Amino acid sequence: MSKGSKAKWGWGNWIGYIVLPLSIALQDDPLDYIRIAKARIDRKKLSLAAISTCMAARLVEKTLGPQVAAAIAHKTLLNTTLALSNMVGPLEEISLYGHPMAYLAPSVYGHPQAVTVHFQSYCNKMTIALAADPEVIPDPHSLLDGLEESLNAMRKALVARGPNAA
């Protein structure tokens, strides 16, 4: 952002989050996982949860300082098992100093969760990046293999239903 910019939001990151319970149950139809998760996410999106957490974090930051706000956010993240990030990337190919980028794979360092999964789309391709605590997930490759298997099962179920099925 340049000096004198009239940008509404200013510098810095705003964080708002929702806590979403994930059910672990076997379903006959692989698409049932998507239906259940979508219904839960849609309810959470209509709630004021993300806006409320963002406003509360900003209030704490302004009144008690950024260190207290960071400590509260970190404590909240300590009480979660899994973090998911879904970033929509550019549809067209981008380059860095004239070198085309093959893929984007975001990640974080020093996070308190045992497992963090990032889904990043770029040029109509999906990249999945996994960060796992080796004490909790000793073989993260098998976790990714299971995720790939589940996504393929969902894709096959969608293809079997045809283009006009809801």
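Cβ coordinates come from backbone N, Cα and C, glycine included.
Taken from TrEMBL, the feature domain 'O-acyltransferase WSD1 C-terminal' applies to 11-154. Taken from TrEMBL, the feature signal peptide applies to 1-25.
Taken as a whole, the domain 'O-acyltransferase WSD1 C-terminal' (11-154) shows an average pLDDT of 84 in this prediction. Here the domain 'O-acyltransferase WSD1 C-terminal' (11-154) is broken down by DSSP into helix, strand and coil counts: 60 helix, 26 strand, 58 coil.
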